[in-house]
Amino acid sequence: MCGIVSAISYRNIAFTLTEGLLRLEYRGYDSCGIALFKDGELTRVRSMKRVSDLEKQLLDCRFDGCIGLAHTRWATHGIPSKYNAHPHFSRDKFGKPTIALVHNGIIENYEELRNSLDKDSYDFESQTDTEVLAHLLNDFYDGDIFRTVLNVTKLLKGSYAIAVFCSNEPDRIIGARQGSPLIIGIGVDENYLSSDSLAISDKIKDLIYLEDGDIVELKRKSINIIDSNGSYVERYKHSVNNIIATPNLGKYRHYMQKEIFEQPRAVADTLHNVDNLSHDFFGQDYYDLFNNIDSVLIVACGTSYYAGMTAKYWIESLAKIRVDVEIASEYIYRDSVPNPNTLVLAISQSGETADTLSALKHAKSLGLKNTMAICNMNNSAIVRECSFSYITQAGIEIGVASTKAFTTQLTALFLLSITLARYRSILGKEQEVAYCRDLRHLPSAIGSVLSLEPLIMEWAKYFAHKGNSLFLGRGRHYPIALEGALKMKEVTYIHAEAYPAGELKHGPLALVSEHMPVVVVAPSDRLLEKLKSNMQEVRARGGNLYVLADKGSTISNDSGINVIHMPEYYGMISPILYTVPLQLLAYHTALILGTDIDKPRNLAKSVTVE
Ligand code: AGP
């Protein structure tokens, strides 16, 4: 999704800014741009290609500057085009640019604001909401751009993170945030604004997470922050020591592949010391929280939502607590019946997903005060919005299609399920020991599944020639079928649907023919016999089955039935293992098709707009 990198320094920062944009490429974008200020002039280059094209243009034009704003855009208002790419300018009456602006988020009342501007005074060069804001700042400009931003942001509805430069006051950049992430990076004789610490982590000593409603004045050696009440505030400075190093591909062709293979490590780190599983696994602070809840409400989107769906099976079965799982963007806008003794669980890889954040705030507004995040990014907006959090240890995930973030979310959610069961004294000692043993073996079991890659590559050759695919699962493996179908859609662009296998005969069976490959998640659990009947329904209509099963499933290769045998059945945590071959299937099918695997079309890594 959109990314901001902006800096004020004594040195030329043109390529520092583009380097920052390169690090944000993983978030997904369709155009990019940079504006620089030098010798009284604002210059700008924009591109519909990659950031490397911006760098080439900068070299060709010999543009440089000590102050600049750079941006990657993911289109919301206006098609992806060079003219809609940021930075946007507003000009003086001679046509000279005086205001430059980059923006993440959506200004919902931009049409109304646009109509409030004198039509003869401003030429609109784009279809964006952002350009309206640039002209509005110009219109309200009173000789102090800090004060102007303060006044103009009061008129805005929607979400934004902005960086603004005014050429009349070239010793400062102004930033503001409401609903979209924005951080300040503090360097030596230079300061930064960015939507993601990764963009600037090697350039700074400390960073500050701005709060909603904050406006910041950034100079080379100082920063001033005004909060939503209009008061000057100090915000906590975080040392950058804890920021994750810049990722690299190593021996892998894509980040998605690398991240799939990182799962044994990521899951092991998320488990921490599972040998010592006790009431205190999540910390003593949880005592009141876990003792006082009688239901769980999970809010999440996409893959994280499927992790939540799996958790419903676990928590209801192990801890006997009622669980509702809500798609965040739906929950916000429907009437629900709040129960104050609910644990609201927000699941998110990025911790910045606008829908999940809004759902969390909505739940709190309904009086649900017990909030916990399961998140991969410490200090993210969702973590900061919750009273409690458990940070998964996937490490930075670059591939837009989530892989290791999902299996680490599942790991954390299983730990939560057994901890809740312990709190209720309904987990027998023997059972607990068995779960801990399975969890200890989980990383190496994932390693064994990864060694099945050559077999999955054979399947991928078949899928790459199909336009559709169906994924089936039952019980706690149904969300895994959904996740498998989502992975297939995201990286191959092949239409993929997932169903609980029992639903087949209620409609989707009409899709089945010899042209439809049907993937079945078939561990030897108590629903296996039912699932086998569903598989017969597919075979009887000529559908080709691609079955993931363990030895106990007793399903063998046959005409129209292709089986990959998984390691032994892992009981409750088996969904984590069955996720891995589905990730590999999507990856290898995409590899054959030659899609942009790490940055699939139209998608963004961190979805910071509603
Ligand atoms: C997963 O492959 C997706 N790209 C997407 O569905 C993602 O899971 C969703 O946008 C939620 O993101 P989050 O976990 O960062 O909140």
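Placed from the backbone N, Cα and C atoms, the Cβ positions cover glycine too.
According to TrEMBL, the feature active site, nucleophile maps to Cys2. The number of other CB atoms found within 10 A of the CB of Cys2 (active site, nucleophile), across every protein chain shown, is 28.
Secondary structure at Lys605 (active site, for Fru-6P isomerization activity), taken from DSSP and collapsed to helix, strand or coil, is coil. Same-chain residues at least 6 positions away in sequence with a Cβ under 8 Å from that of Lys605 (active site, for Fru-6P isomerization activity) are, in sequence order, Met1, Tyr26, Arg27, Gly28, Ser350, Glu397, Ile398, Val400. Taken from TrEMBL, the feature active site, for Fru-6P isomerization activity applies to Lys605.
What TrEMBL lists as domain 'Glutamine amidotransferase type-2' is 2-221.
Annotated domain 'SIS' per TrEMBL: 286-426 (among others), in sequence order. Across the domain 'SIS' (286-426), DSSP assigns 65 helix, 29 strand, 47 coil.
TrEMBL lists 459-600 (among others) with the feature domain 'SIS'.
For the domain 'SIS' (459-600), the mean pLDDT of the prediction comes to 94. Within the domain 'SIS' (459-600), the DSSP-based counts of helix, strand and coil residues read 72 helix, 32 strand, 38 coil.
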